[in-house]
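Engineer: The structure that follows is given in the form of structure tokens.
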Amino acid sequence: MNLRDALKIRASEVTDETVYRDRRRLLAVFASLPALSLAGCADAEPPPASRTPVTPAQARAGFSTDEALTRYEDVTTYNNFYEFGTGKQDPSRAAKTLRTSPWTVEVAGECARPGRIALEDLLRGATEEERTYRLRCVEGWSMVIPWLGVPLADVLKRFEPTANAKFVAFTTLADRDQMPGLRVRSINWPYREGLRIDEAMHPLVFLATGLYGKPLPQQNGAPLRLVVPWKYGFKSIKSIVRIEFTERMPPTAWNDLQPREYGFFSNVNPDVDHPRWSQKTERRIAGDGAGRLFPQRIQTRMFNGYADQVASLYSGMDLKRWY
Ligand SMILES: Nc1nc2c(c(=O)[nH]1)N[C@H]1C(S)=C(S)[C@@H](COP(=O)(O)O)O[C@H]1N2
Ligand SMILES: [Mo]
């Protein structure tokens, strides 16, 4: 039985994170069963010898957190998904028109097995897990979200990236009929993001297909979105239709628009201000259930609190320069 079958609970039963919390015990049991296949993560592209690869135990320490979860209602109604409008409430109102099934992903570029693949086939063989991660938006707010999904590395390795695959580029669907926001030239559509290959293969990087034990709502990037917890939220690209292995650093949507404000790396860093605001603190959106948002200002942490896991990826890099 896979995790999803184990979790076949009617949506009506899962009303808030309190009910959900009880089910986490069940999830924990299932999550502990299969091998997390962390050790093999670096196989496809070993990091340079100067970098100390993260150990499976170190990586696992980043897979969950005791911090208060952001309420389901807030995770699903306070969103950035410009394809559906630039307002925080726009995606939850407008994204119902996004057809998430059938869904096909094109895999291209520097790999032995390129092609178009149905989402079910893309995920076949990968073990579904739960990861509770902090999400820190470059705008200065953050959430704690329990995602359901698979490690990106497990999916990428099946396409056998070649030695020329130095980066991975991701593209979001751009369909004017389904995405009213595309009529606004806020960014150069389609939305694109990218990672260096060793970042992409890092065990923390996740392809989410659900949250709170339920299928991903459209506004959160259904049916498949990236989650890179140590980088600003805009790197976590939604509703992915294309994955390309590239030799050159790929162009990315926010960087194209404002290179001075949004770097390719965009690792969370409280010591490097955004040109228009400080990044030292963030509004943590973690409600107690009595009202909508209960924003608390907290200190932002280096690499969003994942420095133990990821700092070694950037040894030798000037993190101020590479914002
Ligand atoms: N395709 C696409 N992906 C996107 C965005 C977007 O506008 N379009 N917004 C990004 C930003 S700025 C953030 S903070 C996160 C927000 O994810 P959430 O709405 O699930 O919290 O999605 C990111 N992924
Ligand atoms: Mo963001």
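Every residue, even glycine, has its Cβ placed from backbone N, Cα and C.
These figures come from a predicted structure and were not determined experimentally.
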Engineer: Among Thr172, Thr281, Thr300, which residue does TrEMBL name as a further Mo-molybdopterin binder in the site formed by Asn79, Tyr82, Glu83, Cys137, Asn220, Arg225, Ser236, Ile237, Lys238?
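Structural biologist: Same Mo-molybdopterin site in TrEMBL: Thr172.
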Engineer: As a test of reading the model: what is the averaged pLDDT for the domain 'Oxidoreductase molybdopterin-binding' (99-254)?
Structural biologist: 97
Engineer: Within 10 Å of the Cβ of Glu83 (Mo-molybdopterin binding site), how many other Cβ atoms can be counted across all chains shown?
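Structural biologist: Here the count is 28.
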Engineer: Taking the residues Asn79, Tyr82, Glu83, Cys137, Thr172, Asn220, Arg225, Ser236, Ile237, Lys238, which the record names as binding Mo-molybdopterin, find the longest CA to CA distance and state it in Å to the nearest whole number.
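Structural biologist: Max Cα-Cα spread across the Mo-molybdopterin binders: 18 Å.
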Engineer: Look up Glu83 (Mo-molybdopterin binding site) in the DSSP assignment and reduce it to helix, strand or coil.
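Structural biologist: Reduced to three states, the DSSP call for Glu83 (Mo-molybdopterin binding site) is helix.
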Engineer: Show which residues of the chain containing Asn79 (Mo-molybdopterin binding site), separated from it by at least 6 in sequence, have their CB under 8 Å from its CB.
Structural biologist: Lys88, Asp90, Pro91, Ser92, Gln219, Asn220
